[in-house]
Structure formats: structure tokens, C-alpha cells
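K.L.:
Here you go, one structure.
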């Protein structure tokens, strides 16, 4: 027995091994396809089981009800049963796949950051512990087996199959796997997150709509029947309900598909908040379900739109940030009046960085590989060095390890055509190697003579790289070039560790003969001669030469004979991409495509068959064919960034791209109908319907609309174009196309052309058989009998009713034909069987004929499309049959998504544009919170905030050096020189300096803006910067308090003495007005002066002269006699009289000027007056439209006019800021500015002119109306004033931007709603109280006499508010075409205002939380890392506590010095001095130090935060830094025992900044502690500048410390 078992076990051991080793790799190919197939089956299962379970049971699918009723033949019954069996079989086959998947989940590997877990026990336990295990089990469990109990008794099988649909609904639970699936594929960077979200939201919308339809359906019906009556259930109400119209009060039901589409239509109508009102709840249960459905729809679509906003915003962030940089550079160049040539060069170079690398690689700033592991980054970058090694002799046979060290230093530059890589005179210590493209090298003496062509693999730049000398050759690109550069400084860092390489480079650099040879070779270079073509013996004209070149290029391209034959049809010239002709042509082509789309859609929808229109469209087709020929000749840029100009290549590219779709979009397929028409002529009994067929087939022209998204894609990707206007135009154009499509597509689908029209007999049917099935099919008209009967009842009451002409109209037919038949050729009447049949005022009838006017129909359909897609849904027009229900479902959803996309795009754009402002505001807010936290004096706080606001006014958060970062060195130097040329040449010693020095100086200059009263440098400051005064004046103050009588003005150097001598500053430089300075650090200037020693000598001479001048001036000030005060002098006070006092007050009032930051002006002129203008506008419109001339309203008008005139007077006494931020308070300048400004005197004159005087000439009856109408002339100026006031408010930095924008949104919405209400009443009641019976007031109380103006205004506001807010109750709706046009405008503007409100609110909230989101992301990343590394829970909690403390105290800023970098050094050190002087002076070493020393030392302190339990320092730590406990408490710990408490203000480890001495104690935080760190290096640097003051105290402290350590027998280092 044992032997047999062993044999059996050995034989099947391989199977056991396979089973135990089997697991599913979630990243494998099998799982990839299995997962996607399974998701497709999940979706099918969901829709199949929910439909069969609730809308149509299995007994109906199997034909059991059909067998009982015996309504069909046996073959038809068997066919129904067979289809039902196949459906059940398909459902159970999918169950098998789900069961297999359930088993595979137990053996699916687990992916972690450290690899995959393949242990079977772990995989199974992980799946068992998840919720998915039990939901998947419930989804595959065959609950339907319990239905077997129903087999007993009569009709058992029918009961079982009726229950089967309900019991199999559990299969729909598999949809719970969809969120995990979408999260999984969304996390894969290989998948586009946009495509993933589109697919996800499409499925979610469809599934939630299905579930809501089921819920609504169950309130009225079950799969067998609908219950209730028209008064108690929505399912049997009219219209349309879910039972046959001719048996509304019976149990006979309509088709299952009709019930299903009705439920889906009802659910979509509720979820998208359209709410026509044609279907509504009739009882409490239905009301509860409808409430739930509405909430589900609001949440779902809100989530979809929010995700859409986030997606659009995130996709556009890189482009917006890069484009902001480009536009800031353009503004900077315009402000400095740079030439167009250099502007275009700079713009092209920056744009090239985006077009090639999408801004992900900026030379010297950012690399695409910076986020990669170091070894992988090196492997990629070494590829660039291969070109360097292959082309440069000195790098031959270099080792791989050296290459890897050099790899991070290599820079990759991109050059557009005709751009300089290096220019003669440039000093660029970099070696350049051309990787791709061609360049020309020009002679040093003859700049226009090309001496060489530099191609791929060739190098240049040896003079700067090897000898640090100026270049003598100019290198200019011919094509797009990619050049790699190796800086000498980076090379020296690597060569310092490689002796042979350093020795080789040093030897070459010192070889003077090699340098002379290079110079000689450059000067003796001969002009480059290009190999010419073989010259013809005869003289050729230019055209013949061009053709000859064309033929020669064809031979080079190896074109086949057929291709060469076809090329003869091409022109020898091609069209440049940037040519004006091509731009204008393409604009016209796109405009024609858009107009053609709209015209063809309208022509098909309303069956407009005018021959003139057809001929016009055929002429457009000719234009399209010409466009195709032109496209064969358009140049393009290939993958190598080279412009292709040969016609053969351009034609070849067009043939493989858009040629086929262009041909399909203009092919005249409609002429096929001409041959198929009866007798070969469209002029036949079926002429109208034949033309209908032709217009339908012409819809292939709609394919040409693909050009529109391509054009916008090109414009939006062009980084040079400001896309603000492009986006506005795009939204308007897409809106027009969308509304046109939505308006026309229901009519096109509802009334297609009839096939019978192409027969010789035409479409004639017997008139007597009004219920003919063929007729119903031809018209696709559901329930025609009932609708005809109901319509006949209403029409027979009309006078002069002729049944002979009216019955065919309601059957969707034309006039009776011969022999009493009905001719259906007049198919335009089919439109009345659509939703358009409910529109009043659209159809007009006469006694003898039936006439339709197209224009009211177009207005009605556009009106319906607008109110539907904007979710207003008045309900006067709604779906009339099943086909329209299906179409309306998609229209509801598409309208919601379309307008949601527009709002999302607006919000995303606003958010990205405000990103820079939000980041600057966050920094300012953090500084404000820090100053409040540190109890900084109020005056200093205001100065800091005022300076930050001034800095935003001047720079808008842009740093000029960042704008030119990444540009080629030569262009960077040239651009910087052009921008800073005025600054440099104002300085006398720099004016005649070498051009290379100016370029290097200009590149390193940084701007500094100083406000009036602030210090540039102070006594005791370290001379680390050299300042150049460009604009403004500076006051010189000496240490003893004396002030130099003459201020320093533009063109002077500040701080040169301390800068060059290395001493402390002995004077103060204080700004007397707002000043613009430029500064350069000492390290940067020393590096430049090493190349230009002659400039160094001039600067030293200037410094000596400055010292002599200061000394002489100081002696003169000291020798000046001081004023003597007479102690016996007594002042007599004179009390002025009352009259003199009044005169003095009036004089002061006339001379008084309000400052720009006056709180009174801010409250009165900006807020109160803006409120008054809004009220005045509202009152003027109300009185003019509603004719309400009450005395109290007139009085209020003139009181407001008086207050507004007072604002004009105050504006004449209000200072203003000039372009440099200086506050101008001169009366003359203020008045001149007011008079010359477009928004000054002229605007106020239009606003305050007394127009109403003219009304005095009118009669007493009409005087009031004229008075109100003339006052309307003030509307436009007051609208402008409101806009200017709000714009001024929004431009401020220190405001809550969310509240400001919400206020502006409220003002816009209110004013528009008020204006629309007044206009609505004027249109409905044009005769001042006499309302039109065919206008919207017909259904209101306004038709009754006795209503007041206030009641009319409230009614109009109510209706307009319904439109603006997209509520649309529907009890008031437009009747005429004018009314519908008014609704279109009001609704669209309301939707636009809603979009602005959403965009402003969403962008403000997103940017307000931008720092928090970034901080949270950092925290969650660290937390996930700690959990992945299996760190202890206490460690995770400590990290969480630290991040919470850091956010709550200083908004996530680790060190306040990081956010104070934007402030001037003096202001920054003054602020830090206030914060830290108490802690620093608490230490004995710094107690008697000067304020200047403490200020310098305060700037060196760095902030660190500790949470309770963290160790500040541990015994034995060797750290050269000391700690100041600024806030909180800590304890001293020894051997785990707390031996003392350290409170705020104490210092820790002070010995470490004097000697290399390990920490002697352990300090642990017991509270949230704020600690400042001072390093030894920073202290030594400051002490070195204050040697005379601090040398002795420090020496004594060190000696005492050494003695103490020796006495305690400790090692001293």
C-alpha cells in the first residue's frame, strides 16, 4: 500500500509542484488582458441583469407570456424563446469567468515597494481580510437556486422565471471592482490620466443613471405591469408615461423598450437638474425616490466636474508657468526698449525650450533626469559625453569613471536658426560640441565672411575653455542646433582628482604657442566655398533654375517613376509655415468650415432646399479642393527640427496625414442621388424629398470641422501666443457649434428622408388608412392615433376649420394627392410631430394651404437647446416620443459635461494664472503671522508689509535673472547687457570698460527696490554687496549723526569702501524716495575682476577717492559751528480770531492731499461710492422701465448724485502712485493726470452732465418718462467706474482675494439680473403697463389691471432669476420668437456669470490651499515611506506631531529666513534684531556687543522646531553649533533621569562654537519648542568683521574655556 502511494505521489508530483508554485503576476501580460476582459464582462453583467431584473423578466424573454396570450405564430414564439435562452446562457457563461477570477484572487501576488509577495498563505490571507473577498463571493453566489421552491403548483415555471431576474441582480455587485481598477490603471504613468478619467466618468454616469432609472421605475411599475392612475403615478400620466396612450386608464402596457427609455429619460432629467416637469412625482413614495435621485445626480456630476477641473488645471500648470516666464521676459524687454531683433531672438530661444522639452530641461537650472537615481542619471548623461569624446582630441581614451564624473556637468543648449552660439569678444569658459544641426563660423575681421561650416561632432570654444580669453570667431546657427557644453569650472573640479588629466589641461593652457597658432589660423582663414551645382551651358532664368533644382532634388530623393510623374502636377515653390498668406488662408478656411457646419446642420434639420444655397455650398467645395492642392505645398519641420521645403516631401507628408479626410470631407457624393432620382431628374413628384436626400448625404462636409480643434491645438501649444483671447474665442466657437448640433440633431433624426421618394411613383399612400403601419414606420411616429385625436379636438374648435387639410398635417403628411392619396414629399411638416410641435407661434396656417416659416422654428430650437443644455428646462418643450427620449438623454448629459468643461477650463486657467500671486501672498501671510507670533512692534510690521506690497507692485513676483535662465551663454550675456546697459553706463568707471566685462557684469547684476525711508546699508553692516544706484536719491548719514547735505543720485556706487576693504560700513545710506538699485556680491565681482584687472584698479581708485571725499566732508561737518539756543528766549502765543481760524481751515482744506493708503478714501471712494453707483444704476433702470416716479425715489436719486459729486472732488485731492511706486502729492500733477486720463475728467463729465434738463421741454404727461430715459445716459460711465473700483481693489495684495472676487461676482449677477428684469418687462409690456397678450406676462397676474410697478418688478425679477440660476420652474415661459431670443441671451449670460463665479471661487480656494496641499503631500510621502520601512508606530506619531506643530505655528515654513529673502538686507536684519536681541544678549559672550554686531548675528540664526520627546542634542554629539531655546521648555537628561529644566531664553552647547568639544549633556524637549541655531562658521565670519570689538572678548572666553577643560582633564582640540 505504501509503495503504491509513493508511486502515485511521485507520478503526480509535478502537478503538485505546479499548483504550489502557481501565482498570478499583477504586472504580467496574462493579468493585463484578463483584467480588462473581466471589466468588460462586469459592465455587460451590470446592465443586463438590472434591465432584465426590473424592466423585463425572464418569463417575457422566454416567451411564456406570449404563449399564454397566443398573439404570435409558433415560429415567432420559438424565435423569442431561443433569444431568451441564448441570453441566459451568455449570462451564466460570464458567471463562470467570475468564479474563476474569484479563485485567482487568492493566488494573485501582492505588489509592495520592496518587491512582490509570492507566498500563497500571505496572498490568501490578504484577500480574505479585504472587503473585496466577500463582495465578490456575494456577486457570484447563485441566489436563484432558492427560486426552485416556486416550481410547485400551476404556473410554477413562469413564477420561477419571473423571480429569476430579481435574484440574479446580485451579479451587478461586481461593479464594486471598478474603483480599484481605475485607481490601478490611473497610477500607471504609461496611461493618460485624462483618458482614464474620461472612461471612468462615462461608466459611472451610465451606471448611476441606470440605477436611478430602476429606482424610479419601481415606484410605478414592475416588469409585468404598471399600476396606478394618471392622478397617482408618473408611469401612467401623460405625457409620455409608460403605457399606451390609447389605453391610459387600463393595464395594457407599452413596449418594454419604451418603458426603459422613459425611466432613463426621467432619471437623466432629474440627475442633470433639467427638470422639464413633463414627468414628476405623484405620491409620497415617488417624491422620496425623486429626492434621492436628485441628490445622487448633484453629488455625481459635482464630483465629475470637480475632477474635470483638477485634471484641466494640472495639465496646464507647466505650460502656464513657462508662458508666464516668457511674457514676463517680453514685458521686461519692452520696458527697457530693446530692439525687435534681440527680442525675437530671446523669444525664439525660450519658445524652443518649451517646444522641444516642454520646459522640463533648462540648461544650468533643471535637468530632465534630476528625479532619477544617480547611477541611472549618469548612464543617460554619459551618452551626451560620447559626442564630446569622439570630437575633441584631449578627451581621447578617457576612462569611464571620469566620464561619469563629468556627466552631471554637461549642459545641453538648443538654438533656433540664425542664432549666435558665441560672438566675437565673448568670454565664455565652456567647450561646445555640435550634436545636431549645422553652424557657420565667421571671420574675425570680416564678420560677413563664412570661413567654415560646423556640423555634427565638431567642436569650438577652445580660447575660452583653455585660456580664459575672449573669443575671436563668431559662430551662428544655420538650422535648429543642439549643442552640448562643458564648463571649465566643472571640469576643473573633476580634473583635480585625476592627476594626468589635470597635468594635460594645465600644459595646454600654458602653451602660448598653441594659443598664437589658434589666433593666426582664425585670422588667416579663407572664405568657405560651397560645392556648386553643375552649371548649364545656357543662361537660365530664375524660374528655370528653380525647376532645375527641383529635378535635381528628385534624383537625390530616389523618387519612383510614378512619383516623378505625379510630381509634375506640383509647383516648384512651397509655402513657408509662417507666411502671412498661409495664415490668412487658414483663417478663412476654418471660418468657412465652421459656417458650413452650421449651414448644413440647419439645412438638414429644417429641410431648406433652395437651389441658391446649394450652389453656394458647391462653390465652397471648390474652395476646399483648392485648399487641398495648397496643402501639398506647405513646408513643415521634421523630427530633426529641420524645415523641409521640397514639394515632393511636403506632398508626401500631406498624403500620409490629412489628405484622405480632406478628400472625404469635400467629395460630392450627393450627385449619386441625381442619378437615382425618378427619370434622372430631381424635378419630379418627389423633388422636395430628393433634395432632402441630397442635403443629408452632403453631411460628409461636416468632417471639415476637424480643422477647428487642430487650429486651437496649434494656437494653444504655441508658447509665444497669449492664450487668454484664444480661449475666449475657442469657448464661443465651440458653444456655437455645440448649440447648432444639439438644436438640429433631434430634427434630423426625427425626420429622415424617405426612401420611397426615389421611386417613380413617389410616396403616395391611401389617405383613408390613418393607422397604416407603413405610414407609421415611414414617419417613425409613435402613438400617432392618440396624438392626432387629441390634436383634432383642439383644432376643430378653431374658426374656419377644414378637416380636409388639417388631418394630413397631424399625421405628419402633406396635402392630398391624386385619387385621394396622401403625398409625403412635403416632409417638412414632419417637424411638427417632434418636440417642436409644442412651440407656440412657430407654425402658421391659412384656409387653403399649410405654410411653415423657418425662422421662428430655428429660434424655437435654439431656445430649446439653450434652456436644455444649461439645465434651465422650462418644460414648454420636451420629448414627444421614444426616439426623442433617447436623444434627449445624451443631450442632457452632454450639456452638463460641456458647460462643466467650460467652467472647469475657466477655473483651471484662473487658478494657474493666480498661482504666482497666491504663492507671494502665502509668503506675506507667513511673515505677518511670524511677526505677530514674535510680538514685533506695530510700526515695523507695517513697514515690512508695505514693502512687500511695493515689491509686488514693481516685480509681480518675477526675478529678472530667472527669466533668462537656460538661454545660451552668448544670448544671455547680450540680453542682460541690453537690459542693464543703462545701469552700467551710468557709472563712469564702467562706461568705457570692455564689452566682455559689461556682459559678465550685466549677467550677475540683481535688482533691489528700496522704499522711501528705508536703509540700503547701515553702520556696522558687512560689505558683502556692491550697489549701483540707477534711479532715485539716497541720503548719506554718518556714525555721529551728521547728514551729508547733498544727496547721492543716479549713477553712483554705494558701499564700495566696505566692499573693497573688507571692513564694516561706517555710514548709513537711506533712501529719500523710492529707489531702484542693482547689486552684485563680492564673490561674483571678484570672479569677474580676475579677467579684467584694469577695471579692478579703477574701482580701487574710486574707493580711495570716495574715502577722501567722506573724510573731508566729515571734517567740514565737525568744524561747522553748532547753533546756539538763547535760554532767555520766550515764545509768545497768539490766539487767532474766529475769522482767521476759518480761513486757516479753508486754506488747509484746499492744500490737503489724501494719501493713497488713507482709510477714509478707501472706505468712502472705493466701497461706499461703489455701492451708491450700484444702487443708482438699479434705480435709474427701474424708473425708466417701470415708470415709477415717486417723490421719495427722485429725492434718493439726487442725494446719491450729490454724494457722487463729492467723490469727484475728493478724487482731485487724492495722491497717486507713479510707475515706480512713488506717491505723487503735488496738486498740479494730480490735476494734470486727472485731466489727461481717459478715466478722469472725460468720464466724470459724461457721468455728471445734467441730461435731465432737456426733459423740461416735454409735456407734463411725458416729462417723467423723458426724465427717466435721459438719465440712462449715465449707465455706461457708472458701469465703468464700478469696474475700475473693483479692479483697483482686486489689484491689492493684502486682501482676502476670495471675498473680493465673490463680492464682484455678486455685483455682476445682481446688475445683470436687474437689467434683464427691466428689459423683460419692457419687451412684455412695451406701453408702460399695457402687456402684450402674446408675450411672457400672459401667464402672470400682469394681465390683470391694478398691479403696481413694484409687483411687476418682483414678477420680472422672479422670472429672470429662474433663467439666470437655471431653475426654470416653467410656469412662466416665452411665447414669441422675440421672447425666446431674449431668454437665449439672458440664460447664456447667466451661465457665463455662473462660470465666472465658479472659476473665481474654485481658483481662489485652490490657490489658498496650495501651500497646505504641498505640505500635506510631503507629510503623506514621508508617512508612507516610514510605514513601508516598518518603522515603529511611535516614530510615525512623532513625525505626525512635528508636521502638525510646524503647520499650526508657521504654516509649514521650517525657517523664516527663507521667506524673508525678498526683503532688503537692512529691513530683514532690523526685524530679526527685534526678535533675537533678547536671547543673544542673555548670553554673557554677547551681552556688551554693539547693536550692529547683534544685527549681523541675528541674520545668521536658523530656525528649527522640536516636538515633545525629541532630543535637541545628546551627550557626546560633536556638532559645531549652539542652540537658543526661543520658545517652549526642555529638560536636561543624564543616564535617563531628568536633572533640570531648561526654559525659553536659555542657550545650549555654547562651547561648541568656540572649540571642537563634544556635547556635555543631553537635552530633550518636553513641549513644542522653537529653537534657533548658530553655527561656528557663521559666528567666525561675523566676528572677523568686528575684530576691534569682539576679538578680545572671544579670546578671553576661549582661554577660560581651555583652562576649564584642562582642569577637568578633558582633551582640547
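Placed from the backbone N, Cα and C atoms, the Cβ positions cover glycine too.
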K.L.:
State the residue range annotated as transmembrane segment by TrEMBL; the candidates are 587-606, 647-666, 667-686, 687-706.
P.N.:
587-606
K.L.:
Restricting to the same chain and to residues at least six past its boundaries, which positions have a Cβ under 8 Å from a Cβ of the transmembrane segment (612-630)?
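P.N.:
Same-chain residues near the transmembrane segment (612-630) but 6 or more away: 575, 585, 589, 592, 596, 599-600, 603, 659, 662-663, 665-666, 668, 691, 694, 698, 701, 704.
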K.L.:
Sort the residues of the domain 'Cyclic nucleotide-binding' (989-1106) into helix, strand and coil with DSSP and give the three counts.
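P.N.:
Final tally across the stretch: 41 helix, 38 strand, 39 coil.
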K.L.:
Taking the transmembrane segment (886-908) as reference, which of 37-57, 77-100, 288-315, 587-606 has the most Cβ pairs under 8 angstroms?
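P.N.:
Answer is 288-315, with the largest number of Cβ pairs below 8 Å.
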K.L.:
Work out, from DSSP, the number of helix, strand and coil residues along the domain 'Cyclic nucleotide-binding' (1485-1583).
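P.N.:
Breakdown, helix to coil: 22 helix, 39 strand, 38 coil.
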K.L.:
What else in the chain is close to the transmembrane segment (37-57), if you only count residues 6 or more beyond its ends and a Cβ gap under 8 Å?
P.N.:
87, 91, 94, 97-98, 101, 161-162, 164-166, 168-169, 171-172, 174-175, 177-178, 181, 203, 206-207, 210-211, 214, 217-218, 222-224, 256, 259-260, 263
K.L.:
Residues of the same chain, at least six outside the transmembrane segment (288-315), with any C-beta under 8 angstroms of its C-beta?
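P.N.:
For the transmembrane segment (288-315), the list is 193-194, 197, 201, 204-205, 208, 212, 215-216, 219, 267, 270-273, 280-281, 896-897, 900-901, 903-905, 907-908, 911-912, 1402, 1406.
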K.L.:
Provide the three-state DSSP residue tally for the domain 'Cyclic nucleotide-binding' (394-494): helix first, then strand, then coil.
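P.N.:
The breakdown for the domain 'Cyclic nucleotide-binding' (394-494) reads 25 helix, 37 strand, 39 coil.
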K.L.:
Averaged over the whole of the domain 'Cyclic nucleotide-binding' (1485-1583), what is the pLDDT?
P.N.:
86
